[in-house]
Amino acid sequence: MHYITPDLCDAYPDLIQVVEPMFSNFGGRDSFGGQIVTVKCFEDNSLVKEQVELDGKGKGKVLVVDGGGSLRCALLGDMLAEKAARSGWEGMLIYGCIRDVDVIAQTDLGVQALASHPKKTEKRGIGDLNVLVTFGGVTFRPGEYLYADNNGVIISPSPLTMPE
């Protein structure tokens with residue numbers, strides 16, 4: 001499904017919240033949307049890895065990763081992005097960095113993040129799954145919906161359909 005966030009904003013002005021503009025599109029999909037699953041972690045992508053490796057777990061879903069806005073290492077690389085695409089994830093919104101951007105740009109996955117960084121994270125198994133996370137002026141709730149394209153990122157408490 002192709003989403004156009006300005007059209008969704010126009011059609012559902014009372015339903016949506018707009019995330020502050022800070023993300024860049026790195027993925028192979030121009031737009032993505034789906035039900036939110038959250039991970040809260042800081043410079044440790046163990047839970048990200050765990051989520052994307054679950055077969056079929058991501059069907060129709062978007063993984064929202066609150067990495068604390070860290071610009072010191074990458075929470076996503078090419079291998080995890082490819083696993084996420086194979087597991088059916090629609091996309092990932094990462095409040096932090098990614099790496100392997102040239103490969104991720106060719107992967108059938110929506111990916112938006114703050115920046116790229118060549119260093120990988122530590123793997124300490126520290127983080128929280130499906131908790132409320134807040135960044136970009138909004139609170140992301142597991143089970144709600146996220147839609148993203150090159151215009152920006154929006155969230156909604158219920159699924160949205162593109163207007164005719």
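In case you wondered, yes, glycine gets a Cβ from its N, Cα and C as well.
Small disclaimer: the values here were computed from a predicted structure and weren't measured.
Annotated features, as they stand in Swiss-Prot:
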BINDING   G77, D78, M79, L80, R99  substrate binding site
BINDING   D100  divalent metal cation binding site
D78, D100 as binding-site residues, winner by CB count within 10 A: D100
Alpha-carbon distance [D78 (substrate binding site); the residue listed as 'divalent metal cation binding site'] in Å: 5
Among M79, L80 [binding-site residues], residue with fewest other Cβ within 10 Å: M79
Nonlocal neighbours by CB distance (under 8 Å) for R99 (substrate binding site), same chain, sequence gap 6 or more: A74, L76, G77, D78, S116, H117, P118, K119, K120
Cβ-centroid neighbourhood (8 Å) of the substrate site, G77, D78, M79, L80, R99 excluded: A74, L76, A81, E82, I98, D100, V103, I104
